[in-house]
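Visitor: Pasting in a structure now, in structure tokens, and then I'll have a few things to ask.
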Amino acid sequence: MRAYYFDNQPGDQRLAHDSSRPVDAETLKNLKVESWHMPVTEGFEEKLNAIASERGYKNRDVITVSKEGLGDQYEEKIKAFYEEHIHEDEEIRYILSGGGFFDVRQAFTDAWIRLAVSAGDLLVIPAGIYHRFTVDKRNMTQAVRLFKDEPKWSAIYRGAKSDANTHRVEYLKSVAAAA
Ligand code: KMT
Ligand code: NI
């Protein structure tokens, strides 16, 4: 997984938007973003199961973010995923095929960091971090999504309410020391 600062230029969200300023592992660690790479062919399920049980994630599904995969819901989902939001749980995704971009906000600077994911990338982003997602030029991301309880996607879009959300407040506290 490659990480770099988003270039903040207008234009197609599926383009790389690479500012040419890389983001190092230390910076991601400080933001509590974790990632691993494990080829889709090599017993990835064991690692995924371990992470799921360690973190108390009981359910999972497979989403195919593409025109074919989402059908009538395609436009709506593409828009919803790219609108800045938080979750009250960690977002855990394992990419099976295709790829895309997870953009996460750096705490305090509010800079966008773009995480370019492809098959084999396992990404954990913390509860309370502002982020968004888009497919890339391949127009297809197939991913395993882990859920703590029911396999239901629920997001809180950025605004006064999300800023005051306890998971947001706790997240900011937890990263403050490293900032
Ligand atoms: C999210 O919450 O940003 C998503 O679930 C994105 C789609 S998973 C490839
Ligand atoms: Ni999300």
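Residue numbers in this text run from 1 along the chain shown.
Just so you know, glycine gets a Cβ as well, placed from its N, Cα and C.
What TrEMBL records for HIS85, HIS87, GLU91, HIS131 is Ni(2+) binding site. Among the features that TrEMBL reports, Fe(2+) binding site is placed at HIS85, HIS87, GLU91, HIS131.
If you look at the structure here, what lies around each of the features I listed?
Guide: According to DSSP, HIS131 (Ni(2+) binding site) is assigned to a strand segment. Using a 10 Å Cβ-Cβ cutoff, HIS131 (Ni(2+) binding site) registers 22 neighbours.
DSSP assigns HIS87 (Ni(2+) binding site) to coil, not to a helix or a strand. The Cβ of HIS87 (Ni(2+) binding site) has 18 other Cβ atoms within 10 Å, all protein chains considered.
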Visitor: Starting from the Ni(2+) site formed by HIS85, HIS87, GLU91, HIS131, give every other residue of that chain whose CB sits within 8 Å of the mean position of their CB atoms, in sequence order.
Guide: ILE86, ILE125, ILE129, TYR130, ARG132, ALA155
Visitor: Using Cβ-Cβ distances, find the residues under 8 Å from HIS85 (Ni(2+) binding site) that belong to the same chain and are at least 6 apart in sequence, listing them in sequence order.
Guide: TYR130, HIS131, ARG132, ALA155, ILE156, TYR157, ARG158, SER162
